[in-house]
Amino acid sequence: VVGGDECNINEHRSLVAIFVSTGFFCSGTLINQEVLNQEDKFICPNXKKNNEVLDVTNSENIVPLSLPSSPPSVGSVCRIMGWGTITPEKKTYPNVPHCANINLLDDAECHVGYERQGKEYRTLCAGVVQGGKDTCQGDSGGPLICNGQFQGIVSWGPHPCGHPGEPGVYTKVFDYTEWIQSIIAGNTAATCPP
């Protein structure tokens, strides 16, 4: 997260750092005591041959995020967090996750920066119009939290991160809630929405 600060230790209890054999890979979000969302592995299994639900070791320090009961409202102040780089043009990974407040933007504001982006992509745009606060490389899979609910999953955005007029793009969790609940319940045959 660029333009943010170190997260308070109690506010990132659902945020995880995912490592592979070569080191840090990306952020992820805990959505129940056993299921971890990693952006490419959980929300888009149709695009991958290997649908992974990663095992989580329970502890009193882990608190999953609530799935949304309704979509977020444009203008909402939302919280982003992640283990990604904290500098926009070079990779500077922090020792603790960083957080920032950004605003949920109208689709029209998003279309200015991203002509190919539309409602059919089941996404949300959030950021600060003047730039300076944004998720960045390594934050993918982390949460966009609005009113205490897990509304978005960090997906993609501009390079360099935090560029004015180019907000971050997030997978809209509300559109996948029924499918996520089916997967959590053990229904591996559930079909991911297009």
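Glycine residues also receive a Cβ, built from the backbone N, Cα and C atoms like all the rest.
The Cβ of C7 (disulfide bond) has 22 neighbouring Cβ atoms from other residues within 10 Å, across all protein chains displayed. Marked as disulfide bond by Swiss-Prot: C7-C99 (among others).
The domain 'Peptidase S1' annotation in Swiss-Prot covers 36-185, and the record cites sequence analysis as its basis.
According to DSSP, C192 (disulfide bond) sits in a coil region rather than a helix or strand. Summarising the annotation, Swiss-Prot assigns disulfide bond to C44-C192 (among others).
Look at Swiss-Prot and you will find C78-C146 (among others) tagged as disulfide bond. The number of other CB atoms found within 10 A of the CB of C146 (disulfide bond), across every protein chain shown, is 23.
Look at Swiss-Prot and you will find C110-C125 (among others) tagged as disulfide bond. C125 (disulfide bond) falls within a strand when secondary structure is assigned with DSSP.
Here Swiss-Prot flags C136-C161 (among others) as disulfide bond. Note: C136 (disulfide bond) has non-local neighbours V1, V2, G82, G84, T85, I86, P88, G157, C161, G162, i.e. same-chain residues 6+ apart with C-beta under 8 A of its own C-beta.
According to Swiss-Prot, the active site, charge relay system annotation covers S140. For S140 (active site, charge relay system), the number of other Cβ atoms no farther than 10 Å from its own Cβ, over all displayed protein chains, is 23.
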Collapsed DSSP category at S140 (active site, charge relay system): coil
Pairwise Cα distance for C146 (disulfide bond)/C125 (disulfide bond) [Å, integer]: 13
C125 (disulfide bond) to C78 (disulfide bond) - Cα separation in whole Å: 11
Cβ atoms near C110 (disulfide bond) (within 10 Å, other residues, all chains): 22
Least buried by Cβ count (within 10 Å) of the disulfide-bonded residues C125, C161, C192: C192
